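Below you'll find the structure, written out as structure tokens, and then a few comments.
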Amino acid sequence: MHHFAYRDGALFAEDVDLREIAEKVGTPVYVYSSATIERHYRLYEQAMASITPGRKPHVFYAMKANSNLGVLKTLAALGAGADTVSEGEIRKALAAGFPPERIVFSGVGKSEGELAFAVEAGIYQVNIESESELDLLSRVGERLGRRQEAVFRVNPDIGAGGHAKITTGSSANKFGVSFEDVHRLYARAANMAGVRIMGLAVHIGSQIRETGAFEAAYAKMRDLVLALREEGHRVDRLDLGGGLGIPYEVPRDFDHGPGLIEAYAGMVGKLTAGLDVELGFEPGRLIVGNAGILLTRVLHLNPRPTKQFLVVDAAMNDLMRPAMYEAYHEIWPVAEPAPGTAAVAYDVVGPICESGDTFTTGRELPQQKPGDLIAFMTAGAYGASMSSTYNQRLLVAEVLVKGDQFAVTRPRQSYEELIGTDRSPPWLS
Ligand code: LLP
């Protein structure tokens, strides 16, 4: 469920008319709904709390999905933690008010500088992905006089996900240490002064819409926890990653309840029963995915003998998912179509100079004209956070709505910011 709906003939975000945002902020612009973010966070947190009686589950929001300051502050205020993957993300999480003891640091390529920053900041946990990283982290910890708490991210050789490019858990993927290696690494780490291993982590992919692959991977993790304990190791934490998917193709009146979250929680509860570990989770898309839309204006219609191009002012640099993963996003016109309005099949494209800048082909929409507003739905996750300035287009603006208020939480980049940060080489200046 989300809080974008038609009211008095126009699409609203909560109690704000999207036409007003388009007029005041311009387009393209991302619009996020606080109520939707809150709803999804609470649903998720409560479902996981129900399987960890007596303990609070650690929900580390994967901020790569949407790192807008307003979105981060909303989640920090709800008590969420943050899953980060770079020094920039750690800095931004801290700036948004996530306390260091609720921050985890994941990723296959952490540099010495980034690890030192994380250790000095006093973050909760580093998710180690290789032996080389283990050595580096311990050296950094020792140098700083700290013993950094960490877990090993294990590659379970069970991959899943909505697209090959977002599958991470297969042994062909670059992520994590192998099941075989983790025993030896645990033993080695026991003698290291700069790191304290607290347990294990796993993340198998993204946009996964059924529980089967998670179940297979988590069953392997359970066995691994027990085997490591047999060897005398301490395994107090199990970070189960993110990856639960969301419905992108939904009819306008579809009410999707918390079915998948509950099924997932039930499965996790069963598999971790009696294991006596602190559970952690890293959801991203599920929290923010359908809490955001990309609002764009029709620039031109370009009819051809066999098709009709609808050229809008958003492009692949603003929303990369269709070009990169053939991703589907619903398109809703901002003006509510009158019943019986004739539909036209459009190829919806952006202004960028390559054919990949296509959001969809042959999509039936009510007849459009230049100046009309349309919304790409379910664009709250991996939308603005993957945007760029390709074609020297300005970084897209972002707006957060709460009830009848809205605020620009990232103004559109200016041309001064776009051009003014480049430097001329001395031999050309
Ligand atoms: N934890 C780790 C270690 C991850 O790598 C990811 C996502 C997450 C958690 C959060 O996964 P989620 O709950 O959002 O599925 N840009 C792609 C998705 C890339 C996901 C990368 N890792 C897309 O637009 O579909």
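Here the Cβ of each residue, glycine as well, is placed from N, Cα and C on the backbone.
Note: TrEMBL annotation is automatic and uncurated.
Binding of substrate is attributed by TrEMBL to ARG321, TYR325, GLU354, TYR382, and within the candidate set ARG234, ARG237, ARG285, ARG423 the record adds ARG285 to that site.
Pyridoxal 5'-phosphate binds GLU282, PRO283, GLY284, ARG285, TYR382 as TrEMBL records it, and from the list GLY243, GLY340, GLY420 the residue named for this site is GLY243.
For the pyridoxal 5'-phosphate site, the Cβ centre of GLY243, GLU282, PRO283, GLY284, ARG285, TYR382 serves as reference, and the other residues of the chain with Cβ at most 8 Å from it are ALA62, ALA65, SER206, GLY242, LEU244, LEU286, ILE287, ALA381.
Here GLU282 (pyridoxal 5'-phosphate binding site) is compared against the recorded positions LYS64, ARG321, TYR325, GLU354, and the shortest C-alpha distance is to LYS64. Look at the binding-site residues GLU282, GLU354 and count other Cβ atoms within 10 Å of each Cβ; GLU354 has the fewest. Listed recorded positions near ARG285 (pyridoxal 5'-phosphate binding site): LYS64 (candidates LYS64, ARG321, TYR325; Cα-Cα distance within 10 Å).
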